[in-house]
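Participant: The feature active site, proton acceptor is assigned by TrEMBL to A:D155. What TrEMBL records for A:Q31, A:D106, A:D137, A:G138, A:P162 is S-methyl-5'-thioadenosine binding site. The spermidine binding site annotation in TrEMBL covers A:H62, A:D86, A:D155, A:S156, A:T157, A:E158. What TrEMBL records for A:2-235 is domain 'PABS'.
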2 protein chains.
Amino acid sequence: MELWFTEKQTESYGITAKVKETYVREQTDFQDLAMIETLEWGTMLTLDDMVMTTVKDEFVYHEMVAHPALFTHPNPRHVLVVGGGDGGVIREVMKHPKVEKAVLVDIDGKVIEYSKKYLPTIAGELDNPRVEVIVGDGYMHIHEHKNAYDVIMVDSTEPVGPAVELFSKGFYQGIYDALKEDGIFVAQTDNPWFKADLIETVNRDVKEIFPIVRVYCANIPTYPSGLWTFTMGSKKYDPLQVDATAIPELDTKYYSPRLHHAAFVLPKFVENLVK
Amino acid sequence: MELWFTEKQTESYGITAKVKETYVREQTDFQDLAMIETLEWGTMLTLDDMVMTTVKDEFVYHEMVAHPALFTHPNPRHVLVVGGGDGGVIREVMKHPKVEKAVLVDIDGKVIEYSKKYLPTIAGELDNPRVEVIVGDGYMHIHEHKNAYDVIMVDSTEPVGPAVELFSKGFYQGIYDALKEDGIFVAQTDNPWFKADLIETVNRDVKEIFPIVRVYCANIPTYPSGLWTFTMGSKKYDPLQVDATAIPELDTKYYSPRLHHAAFVLPKFVENLVK
């Protein structure tokens, strides 16, 4: 018998992947979690039937959440990751020696637990002594910490289920307040083919709060449309003003100093969404 | 009953789209052709069960085949399109007033016929008086024309079926000879996630023939992995030396003067394939 996992990315379109084995299928307190072994993408974590990460293509998302902001801020000592319980963003953050402490707040401890067990190449750095892992509500954490972080990264699920609040204007205001006076935040903001409205709304909201707002893209094959956007809000530093020749060459597979500026040059139809 | 078309992009991965209606399903002399109405992507042309183009996302591929080369060559008067019977590349070529004549050579007249009937927004310019449409063998046409074209665009299917020869070194040598002394060619060269070997091979072959070889990418949601590569070989003009501020703003949805250089900045794992 052939088993295939199909994610309906819209009502009438999806991706489908052949499955060798199901390691975990569990309704947690927050979402439907599955850890499956696919032939094409290796081990895959899904939440509410949406692909969160796979061993084969995870590097794109995790690198592109972490590095553009960390190479824009000149001294990112304190970093917060909201969501991201699989640990992939933390792994990339740990590549920056300037980071003294990174706090990860994920609402679902099961994501952390199963990622450590089944996704060791992704979650390995969650045990780094520079990392503090908190199982808790990122929205609350943001509102309880003022002037605390240099960089905040929002590695949320899509705006359904537990992550709805993480796309609200109140959340972005909370992030602004939780950042230091020269802080930067970045959030994954879905894809422009099926979620153009979301990108427009987030962009408008963030622009009302942050003086510098930039959007960049990356190709993530297992995410809807393969084209993902990230929205950066900054109080002081502009990623487009960074001297890319001064960025060191990290051990990465997608991000590079050369890509730092190019990633912000958007296809025209995306550019038009965030004008 | 719900009908879904599934393209197995690899043995163990694919995309799936809900189908409202099947207009055409026909074994032509060269391939299995289907024209179907999908809910997500509008009318879709498939050849041998592979998505060739859809009304919703076709602009990316067609703009990105045509404009980078046409804005690199200072005087592209004579253009050849090999394949591309749907007419999308020709439509973009016709946006360049410097082009006096564009020749399209597609081996399968049925693709042209059904595209005119079911994809009028894509095929409309095939009747432009500046266009000559030839139903014939592109490989032969190339070898029968020497020093004839300023720009040659290879809009082929994947390297299976009738297009196998269009990825051979002999074909690239033929293209070199069919180009004038300052000519440029561009070919679609598949995706780096599943076809890394192909990209490496083509790059190596083209570098042995053309002094200037550049690779660029675009996001095409309905193509495998969503990330597509294009390989450009040039005798004289370097796309990276183009003054992008002098590129006019065409009526496009993906390509822009701003994207001209950025599209050539590759994700690091792609960069490593073509070093």
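Every residue number used here counts from 1 along the chain in the order it is shown.
Cβ coordinates come from backbone N, Cα and C, glycine included.
TrEMBL labels come from automatic prediction, so no person has curated them.
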Participant: In the predicted model, what is the mean pLDDT computed over the domain 'PABS' (A:2-235)?
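Facilitator: Average per-residue pLDDT within the domain 'PABS' (A:2-235): 96.
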Participant: Quick one: pull the CA-CA distance for A:D137 (S-methyl-5'-thioadenosine binding site) versus A:D155 (active site, proton acceptor), whole Å only.
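Facilitator: So the Cα of A:D155 (active site, proton acceptor) lies 13 Å away from that of A:D137 (S-methyl-5'-thioadenosine binding site).
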Participant: In whole Å, how far does the CA atom of A:H62 (spermidine binding site) lie from that of A:G138 (S-methyl-5'-thioadenosine binding site)?
Facilitator: 18
Participant: If you measure from the Cα of A:D86 (spermidine binding site), which of the recorded positions A:Q31, A:G138, A:D155 is the nearest?
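Facilitator: It is A:D155, whose Cα lies nearest.
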Participant: From the Cα of A:G138 (S-methyl-5'-thioadenosine binding site) across to the Cα of A:D155 (active site, proton acceptor), what is the distance in angstrom?
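Facilitator: About 10 Å separates the two Cα atoms.
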Participant: Out of A:D137, A:D155, which of the recorded positions has the smallest number of neighbouring Cβ atoms within 10 Å?
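Facilitator: Result for the recorded positions A:D137, A:D155: minimum number of other Cβ atoms within 10 Å at A:D137.
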Participant: By the DSSP assignment reduced to helix, strand and coil, which category contains A:D106 (S-methyl-5'-thioadenosine binding site)?
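Facilitator: The three-state answer is strand.
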Participant: Under DSSP, is A:H62 (spermidine binding site) helix, strand or coil?
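Facilitator: DSSP assigns A:H62 (spermidine binding site) to helix.
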Participant: Please list, in sequence order, the residues in the chain of A:S156 (spermidine binding site) that are at least six apart in sequence and whose C-beta is under 8 Å away from its C-beta.
Facilitator: A:V82, A:G83, A:G138, A:A163, A:L166, A:F167, A:A187, A:Q188
Participant: Given a separation of at least six residues and a C-beta threshold under 8 Å, show me what packs close to A:D106 (S-methyl-5'-thioadenosine binding site) in the same chain.
Facilitator: A:V82, A:G83, A:G84, A:G85, A:I112, A:V133, A:I134, A:V135, A:G136, A:G138
Participant: Mind giving me a neighbour count for A:T157 (spermidine binding site)? Other Cβ atoms within 10 Å of its Cβ, every protein chain shown.
Facilitator: 21
Participant: Can you check which residue among the binding-site residues A:D86, A:E158 has the largest number of Cβ atoms within 10 Å of its own?
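Facilitator: Within the set of binding-site residues, the most crowded position is A:D86.
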Participant: Go through A:Q31, A:H62, A:G138, our binding-site residues, and report the one whose Cβ sees the most other Cβ atoms within 10 Å.
Facilitator: A:G138
Participant: In DSSP terms, helix, strand or coil for A:S156 (spermidine binding site)?
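Facilitator: Going by the DSSP assignment, A:S156 (spermidine binding site) belongs to neither helix nor strand, so it counts as coil.
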